[in-house]
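Summarising the annotation, Swiss-Prot assigns compositional bias 'Polar residues' to 1-15. Sequence annotations record features per position, and here Swiss-Prot assigns region 'Disordered' to 1-31. If you look up Swiss-Prot, you'll see CYS164 marked as active site, nucleophile. For ASP361, HIS363, the entry in Swiss-Prot reads active site, with the evidence type similarity to another entry.
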Amino acid sequence: MTSLPDRGVSSSSSDPLCEGNIAPCSSSSEQKEDCSLKQSKTSILSCVFNSPFNIFEAHQDSSANKSPKSSSGSYDWSRVLRRIVCSGSMWRFLGTSKVLTSSDVWFLGKCYKLSSEESSSDSDSESGHATFLEDFSSRIWITYRRGFDAISDSKYTSDVNWGCMVRSSQMLVAQALIFHHLGRSWRRPLEKPYNPEYIGILHMFGDSEACAFSIHNLLQAGNSYGLAAGSWVGPYAMCRAWQTLVRTNREQHEVVDGNESFPMALYVVSGDEDGERGGAPVVCIDVAAQLCCDFNKGQSTWSPILLLVPLVLGLDKINPRYIPLLKETFTFPQSLGILGGKPGTSTYIAGVQDDRALYLDPHEVQMAVDIAADNIEADTSSYHCSTVRDLALDLIDPSLAIGFYCRDKDDFDDFCSRATELVDKANGAPLFTVVQSVQPSKQMYNQDDVLGISGDGNINVEDLDASGETGEEEWQIL
């Protein structure tokens, strides 16, 4: 797929401004003077922008090639810039030319207060840019890779330009596993050795058939839904591929060692209460309970559950009526974010601020790495990113999928309560609804045949209305 414009600085690449790398100067006196001025400006920028997180764009200072009238002018400029940046009233995200205000950020169920009046005296408050960025940079970042073993019988040893949806989905599922094993408050440690569970999670997303949730195994599992090396796929097919892969892994592990590689039930939500096309997807409480029961091998106890809700919120562009509802899902404690992005370009949207979506970008190309499951001294830097990028919510592709993780029955009940309240705010056009039960003849968690959806996730022609079109404000299952 065509990647988003990469205007940011990779977290793994060195920034000459931050590290003080200055090109050598020539011997002429005029050039020495010019170089001295460049060094002065570089030092100023380094001081202003140097932080543990690369949150600023590294632009070449065009004024460095011009001789200022006096050094005091440079000092005044730096003092003003420092005051603006260090005040905390404004900050700049990579991937945009817009300086955002100090509005609250909602990030995977947590609210971060970024106001200029934020105080460090309240250690329990989720406030401050640094606190948010520590959370952001602790999320698992999975990108294009090159140099891995060929996928199946193909010759593909890289997923560059086509694997962004797969990588975005891996990020969402990885967060679910992090939340399950380590908790929502977990942050990436600064020193080794690392937590064995953290390393074990990264190992599962390695790029080989030996890794449970690798791109190799996802493509194999999603073959009947159109997943193939070199081809792009939509959110619905991606969710179904995960459903198949999780089921396959569970069956294999039960035969081999009796252990679960995926420690939760998986519910791909689709359809409506009557199993008909055209309505909002429905979370059925009885279906979720049955999936948990199946996960627990017939026991009635509840289990952790991952919900994936693939949606279409318009035709060529997202219908504006759904944007406030999408934003509110990030306030749910169970939020895992969204698989989405610009049309034809998938990203992992993990937060919102005002009318902007904050995302991790899978389009950076990195070399494939092999992190052994027991290597607690492994270099994990390529799985984390400190570059915050943003996108206007009204530019998001209408085809997307939302994820939620519920740890136990109480957490699931809280999710259902919040989802029901969201329905009440939807003015007749909800993202999805919640019901207790459905007709016995309907199998909502395995209803491709009922819905008339082909294996590749496309809608059959006879499902269109008499005019040959679907309503822009109606829901569809991809």
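Note: Cβ is positioned from N, Cα and C throughout, glycine not excepted.
Locations of recorded Swiss-Prot features on the structure.
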{"residue": "CYS164", "record": "active site, nucleophile", "Cβ within 10 Å": "28"}
{"residue": "ASP361", "record": "active site", "Cβ within 10 Å": "27"}
{"residue": "HIS363", "record": "active site", "Cβ within 10 Å": "22"}
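For HIS363 (active site) paired with CYS164 (active site, nucleophile), the C-alpha to C-alpha distance reads 7 Å. When the alpha carbons of CYS164 (active site, nucleophile) and ASP361 (active site) are compared, the span between them is 9 angstrom. The secondary structure of HIS363 (active site), as reduced to three states from DSSP, is coil rather than helix or strand.
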